[in-house]
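As given in TrEMBL:
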DOMAIN    109-254  domain 'DUS-like FMN-binding'
REGION    287-316  region 'Disordered'
COMPBIAS  302-312  compositional bias 'Basic residues'
REGION    368-398  region 'Disordered'
COMPBIAS  383-392  compositional bias 'Polar residues'
Amino acid sequence: MPKPRGFEFWRSTLKGARYVVAPMVDQSELAWRLLSRRHGAELCYTPMLHAQVFVRDANYRRENLYNEVNQEDRPLITQFCANDPEVFIQAALLAQDYCDAIDLNLGCPQMIAKRVKLADEKLSVPITCKIRVFPEIEKTVKYAKMLEKAGCQLLTVHGRTKDQKGALTGIASWKHIKAVREAVNIPVFANGNIQHLSDVQRCMEETGVHGVMSAEGNLHNPALFEGCSPPVWEMSEEYLEVVEKHPPCSLSFVRAHIFKLWHHTPKDPNTENGQKATETKVVSVKRALEDSDGSNDSLSKNKLKKKARNPHKNFSPELKPKYIKCEQCGNPKGNKCVFNLCRGCCKRKAFKEVADCPGHGLRFKTKALKQSNSDTGGGLTNGKPNSQTVSTAVHDPL
């Protein structure tokens, strides 16, 4: 039986889904997907998975997909990042029986058409893609049409460029998304600028897309697609109940979700009529101005206690050591880190990408090469590592 394609796939397999929860690294796990579905989400993606690690590591497959099979969690699309077409196909074949489609994250546009074409030919489920836009609308449209021709059955367009990240995030361009929607003959989802249900409705009206995907908005309010904003403690309790009902769930995922849920709430939940919040704001502004002279009278109670324990301690901002921040979490980066990250972030990146960081003493690539050489009797071509033995795919997640 031929697999459904294009609009047939969207209508039958995905049941015409319009409200979509984005693939988010370490954030869109089973418990969060089930919570989001309770509150209006019609389609969810797995977290973005690293194809090479998925192929080589059975524990990674179990922890990120196989152990999370649940009939309530459908339709479901599994997303991979990959640079090597063959590795991507191997990962997709291992995942296709546990989801309704395979999505390719195209943050890194290397060998795109070949990856999509091979997947469309070999998989029993449809292949979908998620892209960022180019600054030029014409180039973005050409890119989308190339993916459609290669076999992509549904395209999600994040209306930001690859450089719009972190402090440079900015506003997503719905004009780019609309141009892609009008140029291709497959379903299109929009991603970007979605914080409320009114944003969803306005985006669909302005761009003509078939569905809207939310990432950050969903993390702060999993009931976004219901058009309501329940008290954060209620959502937190409900999420924890789902986690308890569907183990296992990594504690790091739980902490991250609780932090996001409470991130925009007042520090004092007992605040009445905004009076305490106003008073706190005034005090903090006054203190910030007084701290500049470095006198003891301007120090907070906490700093005064520290001063009592250590009379020689100086709180002057000018005398504090300046640290270069980690590009991912903001903690001090390692002085010799090749990725400009702190040790924790560097370790995760080096593990996922099978890379080395001498500055932090991480040797994942070196160990993989040694293991490959011992398993294959050398794995060398003209004295160099065989490129098919070890791949160090570096990706640009969307």
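Glycine is no exception: its Cβ is also placed from the backbone N, Cα and C atoms.
Look at the domain 'DUS-like FMN-binding' (109-254): DSSP puts its residues at 75 helix, 18 strand, 53 coil. Looking at the domain 'DUS-like FMN-binding' (109-254) alone, the prediction's average pLDDT is 93.
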